[in-house]
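Written out below as structure tokens is the structure these notes cover.
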Amino acid sequence: MNPILHPLIDNGITPGDPNFAGGNLYCKCPQNKVTVTLKSNVAHNHACGCSKCWKPTGALFSVVGVVPRENLSVTANGDKLHVVDKNAVIQRNACRQCGVHMFGRIETEHPFKGLDFVHVELSDTRGWQEPQFAGFVSSIIEQGFDPSKMETVRSRFKAVGLETYDSLSPPLMDTIAAYTARKNGKLSARL
């Protein structure tokens, strides 16, 4: 039996709308839902195998994208949010009642500071950018996945057109490297 990657992948990837303007994300509580409003589509939406991201029950991967911080606002029941791990680089704000991570924010100096991490599957609106790649794929082994079955996982991602990486996609890794080079004076700030 095939392991569950993520419902947005296992059930077939639905192409997003490049003109999509955003929408609301809701926690899983039956009432008094935490609501987060996004004023734009996400970018770099991807399957993530890290151990920190929120995943649907039984899924090996999360699907997470980013939006500019100024395009995210908590619009209902924000008092239910708490930071899951205050020592983590990405401060994941989760609902105290249902446990769903509503958004992750970086508050320290980091290449992705200013971008908030979100799970668009928490929206009831269609049009969000579809997953673009799978990152931190080998990390599922650290969570107990059988390493002998990794080729099956990678093959399933490739079958739906997603490249797999054991970090992030090359453009995102280039962004991190360029940030570090600028910070260390090795690259002009204008580049």
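Placed from the backbone N, Cα and C atoms, the Cβ positions cover glycine too.
What Swiss-Prot records for this protein:
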| type | residues | note |
| --- | --- | --- |
| DOMAIN | 20-166 | domain 'CENP-V/GFA' |
| BINDING | C27, C29, C95, C98 | Zn(2+) 1 binding site |
| BINDING | C48, C50, C53 | Zn(2+) 2 binding site |
Candidate with the highest Cβ count within 10 Å, taken from the binding-site residues C27, C95: C27
Cβ neighbour count (within 10 Å, all chains shown) around C50 (Zn(2+) 2 binding site): 17
Within the domain 'CENP-V/GFA' (20-166), residues counted as helix, strand or coil by DSSP: 26 helix, 50 strand, 71 coil
Whole-number mean of pLDDT values that fall within the domain 'CENP-V/GFA' (20-166): 96
Which binding-site residues sit within 10 Å of C53 (Zn(2+) 2 binding site) - Cα, from C27, C29, C95, C98: none
Fewest-neighbour residue among binding-site residues, criterion Cβ within 10 Å, set C53, C98: C98
Residues flanking the Zn(2+) 1 site, with Cβ no more than 8 Å from the Cβ centroid of C27, C29, C95, C98 and excluding those residues themselves: K28, K33, V34, K80, R96, Q97, G99, V100
Cβ-Cβ neighbours of C29 (Zn(2+) 1 binding site) (radius 10 Å): 16
Spatial neighbours, same chain, of C48 (Zn(2+) 2 binding site) - Cβ under 8 Å, 6+ residues apart: F61, S62, V63, V64, A134, G135, F136
